[in-house]
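**Student:** I grabbed these lines from Swiss-Prot:
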BINDING   487, 493  Mg(2+) binding site
COMPBIAS  701-739  compositional bias 'Basic and acidic residues'
DOMAIN    554-613  domain 'KH'
DOMAIN    623-691  domain 'S1 motif'
REGION    694-739  region 'Disordered'
């Protein structure tokens, strides 16, 4: 029934298995990839006919995690998976980015890649396995895909690179989390987070990963030789004649349009040239070429004009040379009641970034295959249509917004203070108010400034820069701080963020082969210079975190209590902690380790809650006098609440210096008294005394009582002796004497 084909190899120190022919046989391509005990199913289906009226490649990648893969049942009311999580969206993009450039130009058939995590061993992250499985399924499917690709994760542990480190190693030991993908000849995609590593270490990791995923590519090729379907009958459309005709009509005017340095004016001029081309080559009723081909050829003409200008003269669209960064203006404290805010403007790209501080209650709960955990640092990126002068959809964030936000998150997270030093939940929101390239890097710069404005003690300021590359044969130009057009028309887009000490994040997308290690090295060095310039410009606004938190930010006081006292602070059914919160107005979070975080914008509320909790967990000191309240009178004495929630007994013999016949003759319930803590009896009960304390002044009069008794004994001719203590201990001494 099944024609199963398999390929196995040892990759790193674990086995990778690729299998096809048993599951999802009606798909154009289907592969189950297993690494360790993490298994992923990837399927590919492409429409039989091209989609009419489009000028882009209609590729969709859907990565989905199933709770059963980790032996879990989803939470929520419906107990089933819902909308894609942030990680699912990010991994979908991670797979899409290296495979999209490898489809033959002109492919317009709807193509869907669906990747499903079937099992997760909690050791091997499914994202790399998913990328390999998707590459294999595409290679088998017969669609015009010029792959396969391979992918790998690279860690940096104790000064050495580690291939596909385990999940725990990546989180706890590695100073680098880098994912690289590419073909046999070229690197196509890099995504990474690093702890201020050098450019040389980052580039070394890229090349290390490229070298070590070659066996995977070879295994996919061997599998394809046994199980691949016949290639689709598709050839890239020949547009040379159309492109030539378009250039003849518009080259001079297009070059002139691209000399306009203001984005809106340039776009208007380019649109006018396009309208002229369409009128000349596609007049109504007498089309010389199909309109779709003319539009595609015009885009190609735009690319050629921009690229020729840069390579021939070094002049860019806005008049800069290849290394110059656009003018920068940084402002902080721009919003009066925000905890921290910054407005970062770089040319025609602008980000209004706001930092907000919260407590442990504000941490985000992440429901992942590895289990539920809490995230204390959030960064959200919003890209409204008005930022590019357009109307458009408003609503929940799209894949691009999620991806850009995560890139900025990776750039800033390595310099945040640890939770035990700064116990706040931190949220940064970047509102892109203007955009003409590298808005994600503007979010990094603005995010760093807003956090410092809020008083968050970052290790060092972080800046980011977007770089581009134009490559024609042996000639190339590396572009610093690219515009939107340079991003679309160039051959490489890579973003580097970091401090003056090193790189914290690197994202790279390469659209063509032929980009060598040496070119990437030059590009990274140029990016380092650009980053240093941006950091210097940011320093004009703020060089380090403010010494105090923002006026409206909550203050958090941390205290450690014994774990066996946690239940005393919480109380039965939460009674005690609710009372503290209600009466002080502070927020209180108690961790299992005994760490208590008290938060409020009012310092008095924090102090009141702190003292209340301390009174509950602290132990009274022997010999110290405390204020108390009579809570109950008995025949043998009175119970006094004297130390927070603590009660102790004043024995009838300790109520007053003279003999007391009836407790109520001295005190009644509700009386405010002063008591001395005498210690605990053999049953752990607290013993208190009132008679040795002056109830008016609170003075300890033990010595006065002793002196008075000694004087009385002297008058009687008796030997002086120590004053006796009443209660249980007096009886114990009598019993001991009897023994």
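Each Cβ is built from the backbone N, Cα and C atoms, and glycine gets one as well.
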**Student:** List the helix, strand and coil residue totals of the domain 'KH' (554-613) as derived from DSSP.
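**Tutor:** Breakdown, helix to coil: 32 helix, 16 strand, 12 coil.
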**Student:** Which numbers of helix, strand and coil residues does DSSP report for the domain 'S1 motif' (623-691)?
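**Tutor:** Split into helix, strand and coil, the domain 'S1 motif' (623-691) gives 6 helix, 36 strand, 27 coil.
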**Student:** Look up residue 493 (Mg(2+) binding site) in the DSSP assignment and reduce it to helix, strand or coil.
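**Tutor:** The residue in question, residue 493 (Mg(2+) binding site), is strand (DSSP, three-state).
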**Student:** Tell me which residues of the chain lie with their Cβ under 8 angstroms from that of residue 493 (Mg(2+) binding site), as long as they are six or more apart in sequence?
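**Tutor:** The list for residue 493 (Mg(2+) binding site) reads 466, 467, 468, 482, 487, 508, 509, 511, given in order along the sequence.
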**Student:** If you count Cβ atoms within 10 Å of the Cβ of residue 487 (Mg(2+) binding site), leaving out that atom itself, what do you get?
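**Tutor:** Excluding its own Cβ, the number within 10 Å is 17.
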